[in-house]
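Okay, so here's the structure we're looking at.
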4 protein chains.
Amino acid sequence: MSDKINRVVLAYSGGLDTSVILKWLQQTYQCEVVTFTADLGQGEELEPARRKAELAGVKPEHIFIDDLREEFVRDFVFPMMRANAAYEGVYLLGTSIARPLIAKRQIEIAKLVGADAVSHGATGKGNDQVRFELGYYALAPDIKVIAPWREWDLTSRTKLIEFAEKHQIPVAKDKRGEAPFSTDANLLHTSSEGKVLEDPWEQVPDYVFSRTVNPEDAPDTPHVITVHFEKGDAVAVDGDPMSPATLLAHLNELGREHGIGRLDLVENRFVGMKSRGMYETPGGTILHVAHRAIESLTLDRGAAHLKDELMPRYAELIYNGFWFSPEREMLQAAIDHSQARVNGTVRLKLYKGGVHVIGRQSPDSLYSEKVVTFEDDQGAYDQRDAAGFIKLNALRLRLLGRRDR
Amino acid sequence: MSDKINRVVLAYSGGLDTSVILKWLQQTYQCEVVTFTADLGQGEELEPARRKAELAGVKPEHIFIDDLREEFVRDFVFPMMRANAAYEGVYLLGTSIARPLIAKRQIEIAKLVGADAVSHGATGKGNDQVRFELGYYALAPDIKVIAPWREWDLTSRTKLIEFAEKHQIPVAKDKRGEAPFSTDANLLHTSSEGKVLEDPWEQVPDYVFSRTVNPEDAPDTPHVITVHFEKGDAVAVDGDPMSPATLLAHLNELGREHGIGRLDLVENRFVGMKSRGMYETPGGTILHVAHRAIESLTLDRGAAHLKDELMPRYAELIYNGFWFSPEREMLQAAIDHSQARVNGTVRLKLYKGGVHVIGRQSPDSLYSEKVVTFEDDQGAYDQRDAAGFIKLNALRLRLLGRRDR
Amino acid sequence: MSDKINRVVLAYSGGLDTSVILKWLQQTYQCEVVTFTADLGQGEELEPARRKAELAGVKPEHIFIDDLREEFVRDFVFPMMRANAAYEGVYLLGTSIARPLIAKRQIEIAKLVGADAVSHGATGKGNDQVRFELGYYALAPDIKVIAPWREWDLTSRTKLIEFAEKHQIPVAKDKRGEAPFSTDANLLHTSSEGKVLEDPWEQVPDYVFSRTVNPEDAPDTPHVITVHFEKGDAVAVDGDPMSPATLLAHLNELGREHGIGRLDLVENRFVGMKSRGMYETPGGTILHVAHRAIESLTLDRGAAHLKDELMPRYAELIYNGFWFSPEREMLQAAIDHSQARVNGTVRLKLYKGGVHVIGRQSPDSLYSEKVVTFEDDQGAYDQRDAAGFIKLNALRLRLLGRRDR
Amino acid sequence: MSDKINRVVLAYSGGLDTSVILKWLQQTYQCEVVTFTADLGQGEELEPARRKAELAGVKPEHIFIDDLREEFVRDFVFPMMRANAAYEGVYLLGTSIARPLIAKRQIEIAKLVGADAVSHGATGKGNDQVRFELGYYALAPDIKVIAPWREWDLTSRTKLIEFAEKHQIPVAKDKRGEAPFSTDANLLHTSSEGKVLEDPWEQVPDYVFSRTVNPEDAPDTPHVITVHFEKGDAVAVDGDPMSPATLLAHLNELGREHGIGRLDLVENRFVGMKSRGMYETPGGTILHVAHRAIESLTLDRGAAHLKDELMPRYAELIYNGFWFSPEREMLQAAIDHSQARVNGTVRLKLYKGGVHVIGRQSPDSLYSEKVVTFEDDQGAYDQRDAAGFIKLNALRLRLLGRRDR
């Protein structure tokens with residue numbers, strides 16, 4: 001195994017950092033760089049990335065710009081939503097779930113163009129480096145991985161900008177100084193962290209939020225919507241069928257308007273430290289609440305409780321970067337098995353930052369008004385059965401009690 | 001073991017149903033009835049219960065009216081809050097957690113007065129009969145249990161009222177007809193279920209709510225508070241130290257005003273059916289959010305994730321009535337072990353039904369700005385370590401990939 | 001729903017107890033009885049059951065005798081073996097796994113003959129009644145279930161025999177007295193319990209064992225065999241391909257000869273009490289050990305550890321009778337997903353009651369001699385990676401240590 | 001933080017490898033070396049280690065030789081036994097459990113002598129480096145750690161021996177060649193791995209075993225013993241009270257004679273690879289079986305099943321080196337809580353490699369012959385209760401069945 005790199009596929013945003021990396025790779029490894037820019041719904045123009053790559057000398061046939069929005073929502077976000085995944089109780093994994101898709105496509109391109117290496121712009125302190133690289137290694141065990149932030153000596157903003165200027169990389173005026181925080185965005189969420197957010201006692205400044213209005217500025221009247229599910233996946237809003245990405249984008253708009261999905265969190269990174277992040281997941285928050293509600297009607301208790309017990313592990317696996325692992329796939333198989341009859345409609349009220357379930361119905365409902373009713377149930381349930389049920393559930397406690405009390 | 005009952009301790013609210021039960025017990029079992037009425041913060045006068053018991057012929061020394069509010073919050077609600085317990089992801093277990101305390105005190109009284117039986121007013125379809133009776137049997141394995149709703153023939157409202165009138169039990173005018181729904185209340189929450197709530201697609205009518213204002217009617221300006229924790233328990237609000245019950249009552253007031261803690265839920269009962277309930281847990285919702293936030297700063301990841309994985313089981317045990325079980329106690333031992341350094345202060349914004357964490361600080365914080373910073377960390381963290389970390393985490397995936405892909 | 005029974009399908013062994021039940025059903029319910037006798041490899045002649053049923057007046061077309069051995073092993077035993085299921089650490093669930101198959105076939109017959117009820121001969125203290133009836137209800141929610149042992153007044157052996165004699169039911173001489181213990185047998189195991197086994201301090205008498213020689217009487221020389229697996233299922237022994245039931249029968253012979261698979265256990269029944277049982281699972285014990293061994297070579301750590309964590313729950317579900325439950329099926333989906341590459345051969349030594357793994361090989365092995373070797377690995381593994389791996393795994397412990405120690 | 005090392009505490013066995021390390025540390029870091037040699041029952045003379053250390057120039061007051069046998073068994077082995085810990089279903093963690101104690105004592109000595117570093121002789125491919133170093137960092141977050149095998153250039157046996165000879169380190173004749181395998185030993189077990197054991201299909205050669213006779217050479221008559229437990233810990237064998245280490249040593253002798261506790265295993269290392277090891281755990285295997293048996297009589301089902309579900313995680317934590325972690329301590333708190341009444345006596349038969357439970361009794365038994373009996377139980381258990389128990393357990397399955405089948 002030689003260390004000589006011939007061709008490397010770079011996950012390229014077109015921004016300053018990955019532009020510097022592009023040049024640094026060319027210089028350091030004397031290799032051909034292939035750029036890959038994914039549209040995951042981050043809401044930025046991608047054509048400028050093409051022009052910048054061309055300017056940096058990347059061959060036109062080595063510039064890949066792919067619209068992955070539908071694949072992202074259909075094959076990554078939705079399966080995760082089926083699990084009701086929330087890391088550390090609350091984080092909806094918006095960044096974590098995008099990384100495996102980028103890694104997967106990057107490896108596909110590497111195979112296509114015969115590259116022997118891949119590279120990314122994630123730093124050495126974060127989770128994203130792990131998520132990218134575990135994806136690379138799982139899908140291409142012998143690929144070489146270049147993580148410039150762990151290797152180079154451009155260890156300060158100043159040095160980075162010097163390098164950019166020296167190599168004619170355009171530096172936007174607002175990038176000259178230190179950014180006040182760092183962000184990541186895709187169709188599911190925008191995350192912000194670092195700098196002004198580093199003191200967890202200080203409130204997140206208003207200007208950090210970009211995807212949602214402040215709940216205080218949201219409309220004074222609630223907005224009621226319905227979300228319709230088939231086999232655990234949302235397929236329509238207010239009766240309008242939509243593709244996965246269209247549906248999520250639509251819920252994002254509704255969520256934005258009503259200030260939904262803001263989260264200020266201190267979380268535990270896989271690399272061992274705590275960090276403080278701010279997340280905006282407008283549409284995803286609505287979906288999360290709605291999915292739990294449709295499950296409440298259509299999932300049996302045994303399935304529902306098993307899912308609840310497996311969820312923290314599942315969420316941890318995604319957070320830590322183990323999407324392409326056998327254990328995540330095993331859990332997914334169990335989860336997906338439970339979703340066959342998760343069909344129906346949830347009615348939700350959006351109001352001032354809150355998503356409130358106010359109704360749910362399903363052709364596959366397991367709720368039996370006949371059984372549960374306070375009224376005469378005409379024998380659907382025999383209350384005397386409860387006596388035996390309790391007696392046998394109590395038996396071991398009574399034997400214990402006779403011994404211990 | 002003879003079936004003759006001599007003396008029975010009845011969990012007595014003073015309401016129509018338990019007043020009928022009191023009389024029915026006297027008649028059916030020809031036994032002495034001892035009444036026990038607990039103040040758990042349900043917000044009702046309890047002295048009328050004394051008068052009604054006296055009227056029904058209960059001896060004065062056999063009428064027990066106990067203020068259990070501090071014990072309830074300190075020994076039941078707070079230990080449960082340390083676990084971040086939420087049944088089926090969202091229900092804060094307000095009814096479930098009160099039942100073991102009532103059962104415990106009822107058994108204490110039974111031992112005190114030499115009773116050979118206990119009785120309660122829970123129906124044969126619900127969870128509460130299970131919670132009461134598992135408590136009874138665990139604490140007094142040989143006690144006899146009388147559950148009138150499973151035994152008698154007063155199977156309709158009409159028959160119940162006929163029985164009441166025949167026995168000079170006062171029937172309030174508003175109790176003559178069918179109540180539009182059934183409620184339970186204590187310092188932690190009010191629950192409502194049945195009748196008008198039985199169709200899960202229909203929105204809960206406004207008049208069902210009693211503990212919180214409608215978020216739409218809540219103040220237009222947010223209210224910021226701080227909650228201070230010691231060893232995992234809340235001990236002060238806005239800097240004012242308070243006893244457990246006082247603190248919860250204070251948060252209830254704040255929560256009520258801001259419309260916090262409403263939950264419309266379809267849940268799975270232990271007895272095997274789905275039911276639809278409406279819960280209001282104003283102060284408890286604030287505590288739940290605040291406790292997670294202080295843990296986010298002071299709990300190590302290993303402890304936090306283990307807690308998250310154990311929580312669904314712990315919540316299920318409480319919901320199902322297994323408070324006095326070895327496995328609940330084992331989980332509690334694990335949870336309590338984790339709380340030794342869960343100290344500090346959380347800042348929260350209450351607004352229109354929402355509780356938002358906006359800051360947290362602690363003398364026992366594990367958050368290290370020095371390690372996490374985007375700025376120069378002066379060697380607190382060596383980014384090159386991440387390479388080896390990823391490489392070895394990836395090793396098994398690479399071996400898999402070489403075999404499978 | 002009327003309580004009148006017209007036709008009932010009885011799980012009928014042909015023995016004294018179910019013969020009495022047959023007659024009792026005819027008398028008590030004035031209904032037609034359909035008998036179902038399953039060959040699960042219990043090693044008894046089944047034709048006598050036909051004759052006895054005919055004698056009791058069952059119509060020939062209502063006598064069902066089915067050889068279910070292959071279905072039993074293929075669709076019940078093998079899926080369970082994939083999970084390495086062992087209840088309370090050691091019990092291989094030989095009785096538990098047979099009940100759902102009997103229930104399933106019984107319900108199929110009920111549908112075929114238009115029966116409105118099913119019946120079984122399990123007592124009211126055991127687990128089997130639960131397993132049968134949960135199966136019935138899951139597969140035919142509205143079926144009526146008759147459990148004579150919980151209903152009738154034949155509460156002593158004497159009364160049972162009186163009833164038999166009164167109704168011309170032949171009583172074998174050795175059935176006149178009390179049997180010294182009770183047994184259940186099928187291709188997977190024989191269980192014994194009750195009577196002489198009821199004192200858990202007393203050693204199981206020799207005459208209780210029927211499927212295995214005493215290890216002390218087993219051959220003095222070990223016997224080495226190989227078991228070959230495909231997708232997690234055993235398919236060949238010593239190179240000879242065999243059908244599932246043939247293979248298990250063959251391993252049973254080997255196990256019997258070498259005294260393998262005896263277990264003396266105090267276990268916790270689902271109905272709340274402890275019981276003491278004695279099990280003989282000769283071939284199943286060999287399979288259990290062999291399956292773990294082939295997994296050790298072919299399963300990734302993530303999959304293997306997840307399986308280990310899920311196993312106790314899975315085993316409990318089967319023990320408690322929840323084979324036909326969504327949560328068992330979800331776990332099965334996860335387990336089966338893991339078995340796709342569980343192929344290869346295990347070499348085992350059978351000796352004096354022990355099964356010892358002495359070798360394993362697989363075309364799908366994940367074991368890499370190149371990586372693990374103490375010799376020069378030519379760069380397959382860079383030991384310096386371990387430094388970073390440890391550093392980042394230690395980071396949270398160091399942050400904790402700085403705070404706490 | 002300077003990198004200059006002044007004084008380092010080395011975990012020193014006195015063998016060739018750690019003798020080379022001792023010299024290499026002195027040379028490479030120009031620092032004072034403090035040696036620490038622990039008696040964990042590995043069965044070797046420790047005084048030679050003192051002489052070798054002196055020869056190498058270590059100051060007499062810097063040579064620590066400690067008998068840790070009682071602490072090892074009492075505070076590490078026994079707590080682990082309470083959990084029934086077995087990694088990957090079978091490995092009793094004999095090596096894993098010794099490492100944290102060595103690390104703990106090493107750090108105590110470092111604090112005593114004012115050392116700024118610690119060092120060990122574990123290689124960069126194994127688990128032991130992780131276990132040592134996680135222990136070091138947890139107990140002394142700012143200690144420096146030197147792992148020579150990951151740093152030096154003595155990458156072959158030849159180079160190591162050249163270095164030894166050049167520095168007058170005595171090399172035993174049998175160490176000149178490559179050892180045919182590598183071992184670790186303590187009071188709990190002996191492990192062997194590497195070289196001749198590297199092909200998992202090849203049987204372990206006889207000469208590898210050192211702690212047990214071949215089962216085929218064990219006595220032809222079984223040996224029956226009793227083990228007595230108090231609060232989950234073994235305290236007496238055959239009625240003789242013994243200290244923890246004495247008891248384990250005694251069981252080791254019995255186990256050795258009867259060929260008990262041999263295990264040939266392919267396992268998953270924390271560093272990501274599979275390895276093949278051979279373990280001999282004679283006394284530990286007896287204890288493991290006996291502890292499960294006494295629990296079967298004295299633990300309630302809820303406690304027992306929770307323990308079974310937590311065990312794989314607990315074992316994994318110990319295997320991976322996280323003894324000094326909050327989550328291991330939380331699990332220990334739960335486990336220890338369950339052991340308060342785990343008292344009583346187990347009778348075992350040792351025979352030809354097998355440990356068979358043949359009886360168990362306890363003053364704290366939860367087994368009730370009165371309840372379980374096949375005979376008339378005089379009302380201890382009402383079989384009719386089972387009907388209600390089953391009906392309500394079946395309810396959700398029936399609702400499912402009505403929807404799905």
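Count begins at 1; order follows the chain as displayed.
In case you wondered, yes, glycine gets a Cβ from its N, Cα and C as well.
TrEMBL does not curate its annotations; it predicts them automatically.
Taken straight from TrEMBL:
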| type | residues | note |
| --- | --- | --- |
| BINDING | A:Ala11, A:Tyr12, A:Ser13, A:Gly14, A:Gly15, A:Leu16, A:Asp17, A:Thr18, A:Ser19, A:Ala38, A:Gly121 | ATP binding site |
| BINDING | A:Tyr91, A:Ser96, A:Asn127, A:Arg131, A:Ser182, A:Ser191, A:Glu267, A:Tyr279 | L-citrulline binding site |
| BINDING | A:Thr123, A:Asn127, A:Asp128 | L-aspartate binding site |
| DOMAIN | A:7-170 | domain 'Arginosuccinate synthase-like N-terminal' |
| DOMAIN | A:181-398 | domain 'Arginosuccinate synthase C-terminal' |
Where the record names A:Ala11, A:Tyr12, A:Ser13, A:Gly14, A:Gly15, A:Leu16, A:Asp17, A:Thr18, A:Ser19, A:Ala38, A:Gly121 as binding ATP, the maximum Cα to Cα distance in Å: 16
Among A:Thr123, A:Ser182, A:Ser191, the most crowded of the binding-site residues [Cβ within 10 Å]: A:Ser191
A:Thr123 (L-aspartate binding site) versus A:Ser19 (ATP binding site) - Cα distance in angstrom: 15
Local confidence of the prediction over the domain 'Arginosuccinate synthase C-terminal' (A:181-398), expressed as mean pLDDT: 96
Under 8 Å by Cβ from A:Asp17 (ATP binding site), counting only residues of that chain that are 6 or more apart: A:Gly121, A:Leu160
Nearest of the binding-site residues (A:Ala11, A:Gly15, A:Asp128) to A:Tyr279 (L-citrulline binding site) - Cα to Cα: A:Asp128
Site of maximum Cβ density within 10 Å, from binding-site residues A:Ser13, A:Ser19, A:Ser96, A:Asn127: A:Ser96
Among A:Ala11, A:Ser13, A:Gly15, which are recorded as binding-site residues, the nearest neighbour of A:Asn127 (L-citrulline binding site) by Cα: A:Ala11
A:Ser96 (L-citrulline binding site) - helix vs strand vs coil (DSSP): coil
Using Cα positions only, nearest of the binding-site residues to A:Ser13 (ATP binding site) (A:Tyr91, A:Ser96, A:Glu267): A:Ser96
Spatial separation of A:Asp128 (L-aspartate binding site) from A:Tyr91 (L-citrulline binding site) - C-alpha basis, Å: 15
Distance, A:Asp128 (L-aspartate binding site) to A:Ser96 (L-citrulline binding site) (CA atoms, angstrom): 7
Largest inter-residue Cα distance among A:Tyr91, A:Ser96, A:Asn127, A:Arg131, A:Ser182, A:Ser191, A:Glu267, A:Tyr279 [record-listed L-citrulline binders, Å]: 18
Protein Cβ atoms within 10 Å of A:Asp128 (L-aspartate binding site), excluding its own: 20
Inter-residue Cα distance where the pair is A:Ser182 (L-citrulline binding site) and A:Gly15 (ATP binding site), in Å: 13
Chain B neighbours, restricted to the binding-site residues A:Asp17, A:Thr123, A:Asn127, A:Ser182, A:Glu267, by C-beta under 8 angstroms: A:Thr123, A:Ser182, A:Glu267
Chain-internal residues, separated by at least six, CB under 8 A from A:Arg131 (L-citrulline binding site): A:Ser96, A:Arg99, A:Pro100, A:Ala103, A:Asn320, A:Gly321, A:Trp323
Around the Cβ of A:Glu267 (L-citrulline binding site), the count of other Cβ atoms that are within 10 Å: 21
Cβ-centroid neighbours of L-aspartate site A:Thr123, A:Asn127, A:Asp128, 8 Å, sequence order: A:Ala122, A:Lys125, A:Gly126, A:Gln129, A:Val130, A:Arg131
Entry from the binding-site residues list A:Gly15, A:Gly121 having the most other CB atoms no farther than 10 A: A:Gly121
Site of maximum Cβ density within 10 Å, from binding-site residues A:Tyr91, A:Tyr279: A:Tyr279
Length of the line joining the Cα atoms of A:Ser191 (L-citrulline binding site) and A:Ala11 (ATP binding site), in Å: 19
